[in-house]
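A.B. asks: Grabbed the feature section from TrEMBL, which reads as follows:
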TRANSMEM  12-33  transmembrane segment
DOMAIN    20-67  domain 'Amino acid transporter transmembrane'
TRANSMEM  39-72  transmembrane segment
DOMAIN    135-467  domain 'Amino acid transporter transmembrane'
TRANSMEM  141-160  transmembrane segment
TRANSMEM  210-229  transmembrane segment
TRANSMEM  241-258  transmembrane segment
TRANSMEM  308-329  transmembrane segment
TRANSMEM  349-378  transmembrane segment
TRANSMEM  471-493  transmembrane segment
Amino acid sequence: MAGGITDTGELYSPYVGLVYMFNLIVGTGALTMPKAFATAGWLVSLVLLMFLGFMSYMTTTFVVEAMAAANAQLRWKRMEKRKEDDEDEDSSSGVSDTDVLLQDGYERAETRPILSVQRRGSPNIFEITERVEMGQMASMFFNKVGVNLFYFCIIIYLYGDLAIYAAAVPVSLMQVTCSATGNHSCSVGDGTKYNDTDKCWGPIRRIDAYRLYLAAFTLLLGPFTFFNVQKTKYLQIMTSLMRWIAFILMIILALIRISRGQAEGHPSMAQLSGIHNLFGVCVYSFMCQHSLPSLITPISKKKHVNKLVLLDYILILAFYSLLSFTAIYCFRNDTLMDMYTLNFTNCEIINVAFIRYFLGLFPVFTISTNFPIIAVTLRNNWKTLFHREGGTYPWVVDRIVFPAITLIPPVLVAFCTHDLESLVGITGAYAGNGIQYLIPAFLAYCSRKDTQLVFGSGTVNKHLSPFRHTFWIVFVLIWGFSCFVFVTANIVLSESKL
């Protein structure tokens with residue numbers, strides 16, 4: 001995720017890229033959005049969702065611009081390297097004065113970069129053909145402190161991701177299996193509130209069942225952290241298909257209940273106390289900046305890539321709105337679950353057992369396939385952060401220590417809490433804020449400075465963001481830092497009232 005330059009992979013059309021980006025963005029965060037909508041009020045939620053969608057689109061164009069600048073610099077360095085090699089060859093073989101003069105004239109032409117080359121119809125130097133990951137861009141454009149801060153931010157975000165996943169699977173299993181036994185049958189989504197100390201099976205409490213499932217989840221999937229895991233094409237297709245079947249089913253079932261006059265929801269317009277959680281959930285739900293290099297680079301025609309991304313954001317905004325509004329009008333605020341799928345495990349909502357269990361266990365299937373991949377990504381980022389040029393890690397550090405520090409912290413967090421809304425909110429509000437706003441803004445600013453330094457002020461990046469004025473970068477930075485302060489103050493004030 002935050003590595004270096006990698007293979008571009010098989011090319012695909014812009015519209016296939018649109019589908020891939022849609023699938024990447026719409027994930028686990030969407031399942032916690034209905035509850036966040038209900039706690040913040042529908043009007044505040046809609047306004048904030050639209051604004052944060054716009055901000056995420058803006059920073060996405062910043063990352064695309066930085067990718068183009070990184071590709072240009074790599075091409076320029078290769079040209080300089082070739083020139084040096086040619087000079088070495090010429091110096092090693094005897095050349096006449098005329099050859100030297102001709103070569104000197106050639107070099108002067110070459111050092112007036114690329115603009116003249118581009119005019120003769122060669123590929124644009126800013127064409128995005130190499131996949132340069134965010135970590136490599138940070139190394140190219142940031143100083144040492146900036147690079148370390150980048151890795152710190154992405155590592156914290158990945159820890160949050162793993163903690164959310166480690167909690168979501170046991171929560172779903174606990175809710176479904178505890179409600180399928182004894183007196184709780186079909187009662188997950190009926191508004192009944194259970195405490196962690198309530199009985200699940202016999203003497204086993206619900207919290208005990210949750211921790212048993214967490215232990216089983218860790219034992220089954222944790223070992224993958226110690227090896228390399230690659231996401232296969234067919235696994236991606238299967239999880240995407242399951243996700244869309246689940247989302248469409250939930251929207252249709254909620255619309256059917258509303259159309260039959262069975263809607264129970266009466267959402268308020270605004271509740272300021274719920275804004276900090278909604279902010280984190282929305283940031284988390286629009287997160288894609290860290291994966292843009294692997295999404296954008298294989299697109300065959302990138303001329304209108306910013307328009308394509310804009311269309312994607314409009315579709316995602318419409319989808320999130322539809323999912324959340326059907327949820328808050330279909331269910332009462334106090335019955336909406338942290339994981340929205342669990343609201344459909346009640347017999348009154350749907351009497352087909354297979355659909356109930358499919359929706360209830362849907363997070364188990366999809367999250368279980370993603371957990372090892374994210375764990376390996378986090379482990380590799382730890383290795384990159386501490387890597388020194390030419391150095392290698394001892395076997396124990398490489399194979400035991402790094403996987404252990406990857407796996408243990410998120411499992412401990414999940415052991416201590418299964419409040420998914422708070423986990424998603426905090427991950428999005430802090431680490432997500434850094435990745436989605438601050439890092440892209442700094443990348444755009446630093447890459448523009450470097451581009452002017454290397455190629456001259458007259459050179460124009462063909463993938464320059466539509467938000468090219470420095471005002472937008474300053475605005476994003478002020479917004480990002482303000483959000484840190486606002487969310488922290490809100491959490492402190494909320495805790496002090498308890």
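Cβ atoms are placed via backbone N, Cα and C, with glycine included.
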A.B. asks: Which bits of the chain, at least 6 residues beyond where the transmembrane segment (308-329) starts or stops, bring a Cβ under 8 A of a Cβ in it?
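C.D. replies: For the transmembrane segment (308-329), the sequence-distant neighbours (Cβ-Cβ under 8 Å, at least 6 residues beyond its ends) are 14, 17-18, 21-22, 25-26, 30, 33-34, 37-38, 42, 45-46, 49-50, 53-54, 56-57, 60-61, 64, 247, 250-251, 254-255, 258, 263, 265, 267, 285-286, 299, 336, 340, 343.
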A.B. asks: What stretch in 39-72, 141-160, 349-378, 471-493 has the biggest tally of Cβ pairs under 8 Å against the transmembrane segment (12-33)?
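C.D. replies: It is 349-378 that shares the most Cβ pairs under 8 Å with the transmembrane segment (12-33).
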A.B. asks: Counting only residues 6 or more past its boundaries, what in the same chain has a CB within less than 8 Å of a CB in the transmembrane segment (39-72)?
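C.D. replies: Same-chain contacts beyond the flanks: 125-130, 132, 134, 136-137, 140-141, 267-275, 277-279, 282-283, 286-289, 292-293, 296-297, 305-306, 309-310, 313, 316-317, 320-321, 324-325, 328, 333, 421, 436-437, 440-441, 443-444, 447-448, 450-451, 454-455, 461-467, 472-473, 476, 479.
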A.B. asks: What parts of the chain pack near the transmembrane segment (471-493), using Cβ distances under 8 Å and only residues at least 6 beyond its ends?
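C.D. replies: For the transmembrane segment (471-493), the nonlocal Cβ contacts are 55, 58-59, 62, 275-276, 279-280, 429-430, 433-434, 437-438, 440-442, 444-445, 465.
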A.B. asks: Six or more residues out from either end of the transmembrane segment (210-229), which same-chain residues have a Cβ under 8 Å from its Cβ atoms?
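C.D. replies: Sequence-distant neighbours of the transmembrane segment (210-229): 166-167, 169-171, 173-174, 196, 204, 368, 371-373, 375-376, 379, 399-400, 403, 406-407, 411, 414-415, 418.
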A.B. asks: Over the span of the domain 'Amino acid transporter transmembrane' (20-67), count residues by DSSP class, listing helix, strand and coil in order.
C.D. replies: 45 helix, 0 strand, 3 coil
